[in-house]
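Working notes, beginning with the structure itself.
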Amino acid sequence: MTAVSAPPREAAPAEPPVHKASLRKRLIPYWLLLPGILWLLVFFVLPMIYQASTSVQTGSLEEGFKVTWHFQTYWEAFGDYYPQFLRSLLYAGTATALCLLLGYPLAYLIAFKAGRWRNLLLVLVIAPFFTSFLIRTLAWKTILADGGPVVGALNAVGFLDVTSWLGMTEGDRVLATPLAVVCGLTYNFLPFMILPLYTSLERIDTRLHEAAGDLYARPATVFRKVTFPLSMPGVVSGTLLTFIPASGDYVNAELLGSTDTRMIGSVIQSQYLRILDYPTAAALSFILMAIVLIMVSIYIRRAGTEDLV
Amino acid sequence: MTDKTASGDVRLAGISKHYGSFTAVHPLDLTIPQGSFFALLGASGCGKTTTLRMIAGLEEPSTGTVSLGDREVTHLPPYKRPVNTVFQSYALFPHLSIYENIAFGLRRRGIKSVKKQVDDMLELVQLGQFAQRKPHQLSGGQQQRVAVARALINHPQVLLLDEPLGALDLKLRRQMQLELKRIQTEVGITFVHVTHDQEEAMTMADTVAVMNGGRVEQLGAPAELYENPRTTFVANFLGTSNLIEASVESAGTDVVVSASGTTLRLPGQRCSTTPRAGGKLLVGVRPEKISLVHADEEHTVAAGRNKIAGRIADSSFIGVSTQYVIDSRVCPELEVYAQNIERDARLVPGAEVVLHWNPEHTFGLDAAMDIDAGVETVEESA
């Protein structure tokens, strides 16, 4: 590595050293890639291979598991748990939509209107990360507690009538309903939506707003025709960063939901840690991964953001 | 300029703009006649862009009114004004094709069949084959033409240009100056052009308003401003002037002044102030009006011309002309531009020379003004 910094110009007259130096230079990127590749190999690729092999094993904990290429597990797992898959996608999708609705105005405000409050607001957006995910979710348990002020207020304004008509709550309870799980997911993943949105909004040249106004666009049209299209990279990466982890999340469903609101993450967790059916758990993980991958690639294609990432 | 109120004149009446305690534009009255090519010229921070933005509606004036023809538009938002702007660095929509960029204004006004107009406009700015490209795929000069087309397609009453050529290199800038002038003549729309480049303003505009410190220093046709500057700022900012401090010997139709023992004459009507015998006057002459002869040839200089003796301190040959810096008792650094027709080999640094010019080409300025106003700003922006 040290020889790389030798000035190539001095070596220029003689030919062989030039060759050597340029070879070293060409190898630099690979040296830089090495730590990351090793890390991913050990902590991503190897576990994936291990999981893949687990998913086609049969046996029991007492007798030990053996690879028998039993692909049947996938069918059985999907057949048994497809409601949880659907629920996961539905909850994660709803939470992502809510994150977008809540996060976009906030990101817009921080990017264009906050002035000297901008940095403070950004710190506040990520402030929840300073406490543990678990503690925050447990706090929501208290907030949404039966007969608590929040539930009482929601009941008083008739909000719970609407949500129970939608099937998201039951009676005058919020805790242990789909609404509670979606609220928890929305809250926990909101910063992952706001930050990419802010980044792409902040990059927009405000003179484009002036130019659009100058060309007869009303403020609403400026947003529809200029601001929103230019923020698409942020919208796409924000929704992905929210939807992907939310669809595999189990903490919110476990703490804020009930057995009727189980998401696929909870199923995988209990297959692994309680039922100890490793092949089923591994198969479920791969099915979830496949579903998310397919949905995401369709989404990126539809959203058509060439300069994303 | 004119008291007649034609239907499409832009009239600014007492408009000013303050930001807190800072005054960007002092109360200003200006009438821009319909169909003219009008330039607001000044160094950065002189208030020219703020004035332009107040016409566009992007900035609300602190006082005064803006009218387009008979219609007062002071408080109308930009999207309701029949005015379009070519922004500095263009502000093209990066996510839209050139075609859609140009069609933007038409579509916003609900015009459905835009194809013919957009094609005509692409033709006008010679960008037909680039219609489907994105702005970043175009060169600076091409983007500039898109910005002009995007604004012009709306047939605005006034087209505002905010330093539209600032980002282009010199050669392209010259080309675009002619191009813009051609387009203006072709479409006949009022152009208000903001620039810090005095050459650009003089090449393109019918009328130039020279701004300094939030005020209009002088307004007129380029030749008028150049030949008869009324302030030292205009004399120095537009081209170069030799300004000589002198005391007035006698005033009248002909003013006679003396500067360090040298007597000079100038016509009384070319003084921006009324000279009084015994008072002070700044005497100005443009470098290209001055002729130069070797001291031995002094007898060839016709009588009645203003004469100054001096020594060549420096000379630089720049092709069509040679620029001399002359050291004299009257003024330490007099600039002289001599056409390279017949060059006298004796005119080298150190040579004793006599400068002479027609007294008609001399102008007089109020001696109370700062003799160096506008000098440094020229160097900064050049």
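Positions of Cβ are set from backbone N, Cα and C atoms, glycine also.
Database features, via TrEMBL:
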type     : residues  : note
TRANSMEM : A:30-50   : transmembrane segment
TRANSMEM : A:89-112  : transmembrane segment
TRANSMEM : A:119-139 : transmembrane segment
TRANSMEM : A:175-198 : transmembrane segment
TRANSMEM : A:281-300 : transmembrane segment
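The highest tally of CB pairs under 8 A with the transmembrane segment (A:119-139), across A:89-112, A:175-198, A:281-300, is held by A:175-198. Residues 91-92, 94-96, 98-100, 102-104, 106-108, 110-111, 122, 125-126, 128-129, 133, 136-137, 140-141, 144-146, 151, 163, 167-169, 231, 233-235, 237-239, 241-242, 245-246, 249, 251-253, 255-258, 261, 263 of the same chain lie 6+ residues outside the transmembrane segment (A:175-198) yet bring a C-beta within less than 8 angstroms of a C-beta in it. For the transmembrane segment (A:281-300), same-chain residues at least 6 beyond its ends with a Cβ under 8 Å from one of its own Cβ atoms are 51-52, 54-55, 73-74, 77-78, 81, 85, 88-89, 236, 239-240, 243-244, 247-248, 264, 267-268, 271-272, 308.
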